[in-house]
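Engineer: Following this message is one structure expressed as structure tokens.
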Amino acid sequence: MVFPMWTLKRQILILFNIILISKLLGARWFPKTLPCDVTLDVPKNHVIVDCTDKHLTEIPGGIPTNTTNLTLTINHIPDISPASFHRLDHLVEIDFRCNCVPIPLGSKNNMCIKRLQIKPRSFSGLTYLKSLYLDGNQLLEIPQGLPPSLQLLSLEANNIFSIRKENLTELANIEILYLGQNCYYRNPCYVSYSIEKDAFLNLTKLKVLSLKDNNVTAVPTVLPSTLTELYLYNNMIAKIQEDDFNNLNQLQILDLSGNCPRCYNAPFPCAPCKNNSPLQIPVNAFDALTELKVLRLHSNSLQHVPPRWFKNINKLQELDLSQNFLAKEIGDAKFLHFLPSLIQLDLSFNFELQVYRASMNLSQAFSSLKSLKILRIRGYVFKELKSFNLSPLHNLQNLEVLDLGTNFIKIANLSMFKQFKRLKVIDLSVNKISPSGDSSEVGFCSNARTSVESYEPQVLEQLHYFRYDKYARSCRFKNKEASFMSVNESCYKYGQTLDLSKNSIFFVKSSDFQHLSFLKCLNLSGNLISQTLNGSEFQPLAELRYLDFSNNRLDLLHSTAFEELHKLEVLDISSNSHYFQSEGITHMLNFTKNLKVLQKLMMNDNDISSSTSRTMESESLRTLEFRGNHLDVLWREGDNRYLQLFKNLLKLEELDISKNSLSFLPSGVFDGMPPNLKNLSLAKNGLKSFSWKKLQCLKNLETLDLSHNQLTTVPERLSNCSRSLKNLILKNNQIRSLTKYFLQDAFQLRYLDLSSNKIQMIQKTSFPENVLNNLKMLLLHHNRFLCTCDAVWFVWWVNHTEVTIPYLATDVTCVGPGAHKGQSVISLDLYTCELDLTNLILFSLSISVSLFLMVMMTASHLYFWDVWYIYHFCKAKIKGYQRLISPDCCYDAFIVYDTKDPAVTEWVLAELVAKLEDPREKHFNLCLEERDWLPGQPVLENLSQSIQLSKKTVFVMTDKYAKTENFKIAFYLSHQRLMDEKVDVIILIFLEKPFQKSKFLQLRKRLCGSSVLEWPTNPQAHPYFWQCLKNALATDNHVAYSQVFKETV
């Protein structure tokens, strides 16, 4: 009972984890500022964080602590330290590829000149880590301090040129090791690539080892016996030793391709072995490989395949012998007798140089391949394909794919394929097959000449065989073995397929397809067929479901075209623009009415601008692709003939009319749309306006694509235009703002794409939360958001919503104001924009008080006396003038001078005071600041009293003193007596030449010249000066005033 109880507890625990993770799906458990995509793989209990190509310069914070798979590829992170993965203890996989790609391999506009720095023990704390990808980082050596749990290590496309045993001591549990692309023509090392003897000996659990693209000159010695996959292709190995693979009895995949390559027409730097010799492989080299299933000997310059190689590898399922020199060997091929389990055989591009064979010669040994499913013989290069050429294949009951493309076949009897009932794909693409002029049942042929002529084939057509490393991965993908499918998968899924694309067929007739009634898919694209089809050409193809007639010169003169294909479901007549571009030719687009089960029709890139039939008709068609035509001509303003072109496609659900140069849609277009239309694409038309209200005509519309146009507005209220719309795509337009009630009541909307527009602001009323909560996807990146206080609600919403917004942390950014330019909307701190009433009142009050005090202090400093004067002036105007009661004068004169100027002080005391207070003459009682002011009393009060208690105020003037505040205050107080008491008490004495430009001084001299005196420079004139001063002090000023001044005062 213990075991069942333990099982029950374990099941409960697993169920609990699943429920917990499912709950996390609806809760925000990582910060939105994380610039990565976070997904959950519930069956595997994985938390996947993908930070691919996010322009990161450091590992971002906020990564969930329960992350198991972390991808940081295609960024610019310069270093890794033990703190980089702090608290990420559950990591199982780290993908850190392409953060510093070697300069020859990387982008030239963003070259990395400082290689990735990995500090010691950066990964040692990750005890659950199993997979580590460090490709494309310019590393010089294998990192040290790796955790013992590591099972996969990938170090491709670095600068590791030496493999030493001591560098691998920490990888005792490693199972997969990728060390390729560290030294080849695109990532040169300029040194000899070295592998220490027995370097891999202690890797007792190693299963997969890749040393591809490294200029390795020999198979490493003493490889682990646990290896199941060994990749040594694209190196410089010239010879395989007899014992190189002796202990690899578990090996299942061996790839030796590209050693001693065949360099003819190679689209990359290629160095053959000396004298163009083949890769030397001893006959018993593979004897120990009893479990081998895949052997690749592509481009090894082989001229002969010894049967002895395959004596002990009778489990082989895939053999690649393409791009060698085995044209003659294909006619013998005794080695095939030793391959009873072979499923896939590739003998492509083994043609003899400058030889154009009359026919293909297949060895009878092919008949022994009872398990064979795929046979590829491209690039054999021969003229005529006859039935007996394929006779060795007649009894291969499992054969499904026969690929004879790129052979430059001119004559082919297609009826021979009736004997291959189990064939699913017959590939005759990229040949020169053309029709005969008679009605014989030979099939496609040309007037053949029996002589063999010299021919140089253009074998660059198929890059699959001429790619340097067809299994190489890009920075975005880490999968290794990519499958190759030469036939259109959508065609292949229907069943037996014949591919005649890219031939020289210019005419077809029913006899060409005699005995091919079993075909389900026929590909005739890329030929020169320019005939007028009348409905008889494909009559034998009674079971045909898919016809690819693209890239020809179809002439739709008859509405009966293709009508003989009663079971046709998919028809592609794209890129048949030849006759559609000509004037005055009949085009019957209503041919569809005779195709009773047609489901999908592709008419793209035909430049259709006219049609004899006004409507297309079909009761079965569900998808119509009409891209790249000229509906702008058919729907020209004022021409209503073609507005119902699609009206009679009664079951049409998907219509693509992108790239039709439609700058506007006539009003009747929507009324002429099919009644059951669900998906409508109007992308890339240059639309400047759109009649949103007309969407009411499309009652079932679910998806509307208006991307890549020039629209500037959205509907006032989307729900008033369509109640069925679920997906709206408006990316790449010129939309600057959203209407106030844009999504009001649009509860059915699930997907909205507003990316790559010029939207600056999104208001709450435009995005009601009860609608947004129903959205599954919202795209807002690459807009021009203004992150002002008006965006408070939007910033708050994106931080709290559970709607998926791709690129939120990286590409939903601000264009302004300056402080926020380039900053992510999600990371904005708009605390200062909170509209709290108390905060607003306190802020307004404090700023008002501060401004008031600042203004008052400034005004008091600059305009005190002006304000004081204006105040009293206004007061006098209102209340009338009242003479101030002043005490009797105590002094004859108050002397105002610059007490800080020693020269002036000396003149006042030695000259002026001595002359005016001399008891021998008539003396005057003078008031001096330094002598008569009361100590401790404010300066302003002393000054005011001195002026009030003196009959006259004498100003001893210098240029320097005239600019001081003391002079200005004293002068204003003295002048105030003129305003209040109408008494002029001012006398000016200039010790320096007076200011000639002073208007006040010039006016005073004219009106009261006796009050303005100058100290003469001639000593003889001094007595006259003193006499004038005494007269001015002794006499009232008004006596000396001019008549004009008296009247003014």
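Any Cβ shown, glycine's included, is placed from N, Cα and C.
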Engineer: For the record in Swiss-Prot, which of the ranges 777-797, 840-860 is the transmembrane segment one?
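Structural biologist: It is 840-860 that Swiss-Prot describes as transmembrane segment.
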Engineer: Quickly, which of N69, N389 does Swiss-Prot have down as N-linked glycosylation site? Just give the residue.
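Structural biologist: Comparing N69, N389 with the record, Swiss-Prot tags N69 as N-linked glycosylation site.
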Engineer: Cα-Cα, whole number of Å: N679 (N-linked glycosylation site) versus N720 (N-linked glycosylation site)?
Structural biologist: 19
Engineer: I'm trying to understand the geometry here, so how far is the Cα atom of N523 (N-linked glycosylation site) from the Cα atom of N69 (N-linked glycosylation site), in Å to the nearest whole number?
Structural biologist: 43
Engineer: Count up the helix, strand and coil residues in the repeat 'LRR 19' (566-588) according to DSSP, in that order.
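Structural biologist: So the repeat 'LRR 19' (566-588) is made up of 4 helix, 3 strand, 16 coil.
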Engineer: Just to be sure I understand the packing, how many Cβ atoms besides its own are within 10 Å of the Cβ of N202 (N-linked glycosylation site)?
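Structural biologist: So the Cβ neighbour count for N202 (N-linked glycosylation site) comes to 13.
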Engineer: Among the glycosylation sites listed here, N66, N361, N523, whose Cβ has the fewest other Cβ atoms inside 10 Å?
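Structural biologist: Lowest Cβ count within 10 Å among the glycosylation sites (N66, N361, N523) is N361.
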Engineer: When the pLDDT values for the repeat 'LRR 19' (566-588) are averaged, what is the result?
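Structural biologist: Overall, the repeat 'LRR 19' (566-588) comes to a mean pLDDT of 95.
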Engineer: Is N69 (N-linked glycosylation site) helix, strand or coil when read with DSSP?
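Structural biologist: Where N69 (N-linked glycosylation site) sits, the three-state DSSP reduction gives strand.
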Engineer: Could you give the Cα-Cα distance between N215 (N-linked glycosylation site) and N413 (N-linked glycosylation site), in whole Å?
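Structural biologist: It is 46 Å, counting Cα to Cα.
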Engineer: Provide the number of Cβ atoms within 10 Å of the Cβ of N534 (N-linked glycosylation site), excluding the reference atom itself.
Structural biologist: 14
